[in-house]
Every structure is written in C-alpha cells, then in structure tokens.
Amino acid sequence: MGTETTSMDITEPLINQDPQQNNKNEYLSEPVPEWKEQITIRGLVVSGVLGCLFCIITHKLNLTVGIIPSLNVAAGLLGFFFVKTWTGLLTKIGIFTKPFTRQENTVIQTCVVACYGLAFSGGFGSSLIAMDQRTYELIGPDYPGNRAEDVKNPGLGWMIGFMFVVSFLGLFSLVPLRKVMVLDYKLTYPSGTATAMLINSFHTKTGAELAGNQVRQLGKYLSISFCWSCFKWFFSGIGDSCGFDNFPSFGLTLFKNTFYFDFSPTYVGCGLICPHIVNCSVLFGAIVSWGFLWPFVSKHAGDWYPADLGSNDFKGLYGYKVFISIALILGDGIYNLVKIITITIREMWRTRSKQSTLPVVTEVLVGENSELQLEEKKRTEIFLKDGIPTWFAASGYVGLAAISTATIPIIFPPLKWYLVLCSYILAPALAFCNSYGTGLTDWSLASTYGKIGLFIIAAAVGQNGGVIAGVASCAVMMSIVATAADLMQDFKTGYLTLSSAKSMFVSQLIGTAMGCIIAPLTFWMFWTAFDIGSPDGPYKAPYAVIFREMAILGVEGFSELPKYCMEMCGGFFAAALAINLVRDVTPKKYSQYIPIPMAMAVPFYIGAYFAVDMFIGTVILFVWEQLNRKDAEDYAGAVASGLICGDGIWTIPSAILSILRINPPICMYFGPSASS
C-alpha cells in the first residue's frame, strides 16, 4: 500500500533487492552526462505524449471509483520504448543520435509522473467538482448548509489558472532539505528506490532485453484492451442500463445489489497491479455493505427514514452510504496521520542520537566495503554537484505564495487572502511531515492533510461561503504536500540513477507546467463529452459528493441525518481505528490478511461491481504466481499497464463520438424471463 491522495493511489515496491547489487562495474564506469544533456527535446516530447495518456487514465479512474494504481512502471517502460524506437529508426536511416541514458529515462519518468500527478492532486475528481451545480443538486437545495450561492462550475480558464498558481509551491518548499532527507537521514522512499532500480536494470544488456519483452506484453494487452472496449461500445445503447457494463454475471438478484462482472479491462488491470490485500479489502467492503448492511437498512424504510424518498436523497439510504464512507475514510486517515507523525518523530530522534553518540562506529561500518564506499561516494558527488541555491528556493516560494495569495481569492471569493497566507505559512511544515513519512513508509497522506484543512477553513469561514472556501483550501493544501513528497521521491530516484539533482528539479518543473495545461484539458474532454456526476452513469465522481458533504459538516455539524446514521458512523469510525491498530500490533504473517479500511470504504458508496473486477485481477495474478512466479514478477505490471492504457486510449474516440452525438447502434439489455 503506497500513496493516498485525493482518492487512493496504490503503489508498492517493484523489486525487492538491494540496488547496490545491480551491475556495479557497468554502473560505476559509465560516463555521467551534464545536467543540461539529461533533459532532451525528444524526452520532453515523449513526456508530453505519455502525460496526456496518463492524465486521461487518472481522470477516468478518479471519476469512476477513485482507486488509482501506480503508473510509474508504465511511464518508465513506455519512455524507454518510445526513445529506443525513435533512436533505432533514425540510426537505420543514417542519422546519428545521442545514446539513450538512464538519466534521460529518469527525467522522462519524472516529467510524466509530475504531469499526471496533478490530475488527482489538483482535485479534478474531488474538491474542484464538489463545487459544481450537479453535486449541489444531488445533495439537495433543501439540505441544511447546501446553499445555491456555494456553486462554481468547472471552467477551463480558471482551472488552468488555479493549477499554475498552486502547483509549483510544493516544489520550492523542501528543495533546501534534499541533502538532509536523502543523504543525512537516508530515507528509503520505497517507490522512488524501486523506480530507480527498474530504470537502472533497463540500461544493462540483460535488462534491455527484459524491458523489450515487457514492452511487447504491454503493447499486446493494450491492443486487446482497446479492441475490447471498442467492441463493448457497440452494445452500450443509449442510457445507463445497456451493454456489457450491466451484465448480470451472477444473476439478476445479485445484479440489483451491484454484484456483477462488468468486463472492464481497467479494473481487472488495477487488480493485477494492486497488492492482494487491497483487492481483497475492496471486495470485503463490498460484501459488508452491499451484501449485508444496505439490505438490512433497506428493511427499515418507513421507520428509520421515509420509504418514498428517491435513490439519491440524503435523508434516506443514500445518506447512510455517503456518511459511513466518510467515517471509514476519516478514521483510516486520522489513524495513519498520527502513526506517520509518531514514526517520523521517533526516527528523527533515533537518527540524531546515532549521529551524536556513534560517529566512530558509523565510519567503521562504511569502511568495511570499499566498493560500496566508492559507489556511495560517486552518487553523493553527482547528487551534490549541481546544487539548487537555498536563496533561489526561498525566493521562489515567497514569490509564488504572494502571487497565489493575491490570485486565489479572485477565483474563490470566500477563501480570503489571509486564510490563503496562513495555509502557505503552515504548508512547508506539513510538506516536510508528509515527505518524511513517505520516505519511511511509502504512504503520502496528502488527502488527509487536505481534509484537515477543509474542516478547519470551512468552520472558520462559517455559513457564508464556508463550503467553497473549505473545498478550495483542500485543493490548495493537497497540491502543496503531494508535489513536495513527489519531488523528494524523485530526488531519491535521481540519486540512485546518478542523475543530477538540478535535472530532477527542472524536469519536475517542466512536468508540472505540462500538467497545469494537460490535466485541465483532458478533464475538460470528460466534462464536455460525458455526464459527470450522475449517480446512475459510468462517471459518478464519488468523491465530489463526499468532499462537499465534508465541507457542509465543517460548517453545519451533523444535521438531519437519517435515524441511527450518526451511531453507525461512530461505529465504523471506531472500527477503522481498531482495524488499523490490530494490523500494526499483529505479527506480519497474520496482519497481511487483515483488511485496509480505506480500501473497504470505496465500495460502500459506489457499488460492488468494480470490486468483483479487481478481485478477478488478483485471482489471475495469484494463479500466475503459483504457476510461474518469475514470469508474474517480470510481466504482471506490463500486462496490467497495457489493460489500463488500452481502455484509457479508447476514452478519446468514445468522447469524440459522444460530443458528435453518435450513439451506439445496439442496446444489450437483460431482464427476468416472462412467467408462464
């Protein structure tokens, strides 16, 4: 389990071995290009293309289920494939090209991740559309605290402007601490380390051969996924009840409770790439909610809540779904926030104690292996060679904060300038905590920091604009702490691939600038082509309702909840804390089977269908591991990425057809047979 953002970004280490064991002689002897040579035109072109693709995939996942697997593997693989193909073609026609280095590969991967990272840390699937008219109407004009004045519909211009004024601050906030985090504290950053090892392996003879095979697998399953998604479209008809997406795989009774396989390559791919415990937790959450809890609550219609309410009325069953999901999400987030802060303080104290009391022992340990020492020395030398001046980072942060403090109140009038300024004064400390915690545990708690800011600002502003101010401040805070953690993760990757810290910083800036334009544009494609936020459509945007309700809670407190809803929320909040505590105190051989509350929360609100898809993915991976573990380790990520990318690419022609009002020719529908 890795990064938790606006939604859930799931990552895990890709290779479980010491990077220092990897091709040492080749690694140490190859020349290292200057930092400017590591950033190339071809690399930026490839980064832009992949950034567009991954932004589309991220938006699609964010607007459907909110579970986003790590696409770092696909970014590294596809970057390697595109540039190798490019240089190969040019060489064949007699044009000399510069060799493709691991440093250039690292820059491409950094650019792509920075770009598509804004698609979820920017709040497109949560805080920004929590303000729109559809979400306001879904909660209901008569709902206490839900005011018509607190509506701001997405607009391409203001979204691009908002991205530019908030997305760069996180990059400048922690740059002066890169040496402390990477060299002094020697933080692991598991995903950054795994990505570095993956890139290092590509640039060896055996690794290049494996990478080529992985790219072929990715291309094969990308083609299959794209063709299947195209085939499905022909049967999806008009409306939301046709096609393979509504296939009653386990019978009509279970179909009514959302238990069915919807033949989605994206969710099956997510199941292949996410850890088994995440997939099983999602299915467990679906069984608890849609298998037992919602049928039980439904039996009390007319007693606990009026029986004649619509399916999306917060005073009925819909209210239970939303608020119990919020309780689980907050319980898990608060527990992990306290846990990460505790671990951070303990590790910092331990590191400081070691440095002050055992310097001689440290020197002896380092001196035991001259080859390791030589490798460490070269990495450190390159990492520190092209420094980023502290004055530059500090002045950049202050300047951007001043621009942002002046601009954000123009975009969101209820979020006053002094509230924005307070956020930016606190942000570097929160960014440090998040980056340090990510380095130790691979968990980014950007979403949790954002929700805390949401509640505080919403309560501070009050009824007159508190909802808009709360969700806007959430987007601001999440963007800062998420990009700061991503940058430090990239510094670790750069350190291990002998890439310059300056090239990492510049590529992160370029990737962020790309994301500020590409993420809003690709979101706008979804917004224009599809019915975003419809509770009965494919793009439910589940976190929009959840985040708006959180802001209303911050302003109003718990008002007019259905009967026993508050008690159930308290129970599930406590259960999330208890489950996490049990996971931490139980030996690992048992704790690996205890579900994760954050993953359990998602199907409570959305439905069980995607949990079935992800579980099928995890079963395929489990069987594959039993039959051939080496092949599964080598190719599962590539196959999963292919399935996700193919379905994501189909979104573009699907959106064009929708904009042109070209409807599928067939509606495949299932109903009960006529009684005799």
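Using N, Cα and C of the backbone, Cβ positions are placed for all residues, glycine too.
Nobody curates TrEMBL annotations by hand; they come from automatic prediction.
Annotated features in TrEMBL:
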REGION    1-23  region 'Disordered'
TRANSMEM  107-131  transmembrane segment
TRANSMEM  156-177  transmembrane segment
TRANSMEM  277-297  transmembrane segment
TRANSMEM  317-338  transmembrane segment
TRANSMEM  388-411  transmembrane segment
TRANSMEM  417-436  transmembrane segment
TRANSMEM  443-461  transmembrane segment
TRANSMEM  467-488  transmembrane segment
TRANSMEM  509-530  transmembrane segment
TRANSMEM  561-582  transmembrane segment
TRANSMEM  602-624  transmembrane segment
TRANSMEM  636-660  transmembrane segment
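Within the same chain, residues 14, 53-54, 56-57, 60, 69, 71, 73-74, 77, 214-215, 217-230, 233, 264-266, 268-270, 272-273, 525-526, 528-530, 617, 621, 624 sit at least 6 positions outside the transmembrane segment (636-660) and bring their C-beta atoms closer than 8 Å to a C-beta of that stretch. With Cβ pairs under 8 Å as the measure, the transmembrane segment (156-177) is packed most heavily against 107-131, out of 107-131, 277-297, 443-461, 561-582, 602-624. The stretch in 107-131, 277-297, 317-338, 388-411 that contributes the largest number of Cβ pairs under 8 Å to the transmembrane segment (443-461) is 317-338.
Only residues 6 or more beyond the boundaries of the transmembrane segment (467-488), in the same chain, are considered here, and those with a CB under 8 A from a CB of the stretch are 3, 5-6, 113-114, 117-118, 121-123, 126-128, 130-131, 145-147, 150, 152, 162, 166-171, 173-175, 177-178, 181-182, 187, 189, 192, 404, 408, 411-416, 419-420, 423-424, 427, 430-432, 434-435, 438-439, 444-447, 449-458, 460-461, 504-505, 508, 512, 547-548, 550-552, 554-555. The highest tally of CB pairs under 8 A with the transmembrane segment (317-338), across 107-131, 509-530, 561-582, is held by 561-582. Only residues 6 or more beyond the boundaries of the transmembrane segment (388-411), in the same chain, are considered here, and those with a CB under 8 A from a CB of the stretch are 158, 161-162, 165-166, 168-169, 172-173, 175-176, 178, 417, 420-421, 424, 428, 472, 476, 501-502, 505.
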